[in-house]
Amino acid sequence: MKFSFVSLFPNLMEFYFKDSILARAKEKKLFKLNFYNPRDFSKNSYHKVDDYKIGGGAGLLIQAEPMYEVLRSIQEKKENPYFIFLNPSGKTFNQKDAKRLSKKEHIVFVCGRYEGIDERVLEIFANEVFSIGDFILTGGELPALVMCDAILRNVNGVLGNMESLEEESFENNLFEAPAFSKPFIFEKKNKKFYTPSEFLKGNHARIASLKTTLASCKTKFFRPDLFLEHERKK
């Protein structure tokens with residue numbers, strides 16, 4: 001699988017893939033990375049890519065020409081690029097999208113800055129437009145990294161234990177059950193906090209049943225909307 005990032009600040013993203021699970025997956029050649037800077041495709045001597053909006057309005061906009069050129073150059077490599085634009089007006093990214101997109105050959109994340117990208121570029125290239133929530137960020141780089149991370153976790157071999165993926169939150173519209181580590185009794189300020197005793201008895205069937213119950217309770221408490229969706233699909 002291949003990921004390309006189109007950004008005015010590619011250095012902000014490269015570091016993310018240098019440690020931990022994704023670094024190991026990259027070393028195993030489970031995915032490839034490319035970074036493109038629209039400034040390199042600007043036709044003016046100052047590599048300027050932004051200008052004021054036609055019709056007025058605050059802030060600067062990334063112009064159509066350099067964005068068109070960089071995306072067209074990616075298209076011409078004929079690596080089945082799937083263009084994803086990051087925009088607050090896009091649909092909210094979720095775990096189902098992460099699973100679906102993990103089957104793509106080549107995802108291109110197009111990251112905006114300033115007041116965004118000339119709308120005509122989206123009309124020409126966008127396969128999908130995503131947001132990661134109802135809030136505004138300085139640019140599309142963080143949402144692109146969030147999505148890339150979530151997608152890669154669904155690529156075979158990236159996680160050392162596929163069972164970890166199956167047990168993660170949002171599977172079957174439920175959060176992952178609460179997790180506990182040693183010590184079995186955690187004591188602070190004269191208060192004792194216990195691990196559920198059933199977890200210590202070694203009966204795997206009963207532990208699995210308790211985890212399902214706890215996952216349901218956790219989801220119902222924190223995200224009743226997800227819990228209702230889970231109940232509806234039973």
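Backbone N, Cα and C atoms are what each Cβ position is placed from, and that goes for glycine too.
Copied from Swiss-Prot, the annotated features are:
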type	residues	note
BINDING	G112, I132, G133, D134, F135, I136, L137	S-adenosyl-L-methionine binding site
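Shown on the structure are the features that Swiss-Prot records.
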{"residue": "G112", "record": "S-adenosyl-L-methionine binding site", "Cβ contacts under 8 Å, 6 or more apart": "I62, F85, L86, N87, G139, G140"}
{"residue": "I132", "record": "S-adenosyl-L-methionine binding site", "Cβ contacts under 8 Å, 6 or more apart": "L86, T92, F93, L142, P143, V146, M147"}
{"residue": "G133", "record": "S-adenosyl-L-methionine binding site", "Cβ contacts under 8 Å, 6 or more apart": "T92"}
{"residue": "D134", "record": "S-adenosyl-L-methionine binding site", "Cβ contacts under 8 Å, 6 or more apart": "P88, T92"}
{"residue": "F135", "record": "S-adenosyl-L-methionine binding site", "Cβ contacts under 8 Å, 6 or more apart": "P88"}
{"residue": "I136", "record": "S-adenosyl-L-methionine binding site", "Cβ contacts under 8 Å, 6 or more apart": "P88"}
{"residue": "L137", "record": "S-adenosyl-L-methionine binding site", "Cβ contacts under 8 Å, 6 or more apart": "P143"}
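For the S-adenosyl-L-methionine site listed in the record, the two most distant Cα atoms among G112, I132, G133, D134, F135, I136, L137 lie 16 Å apart.
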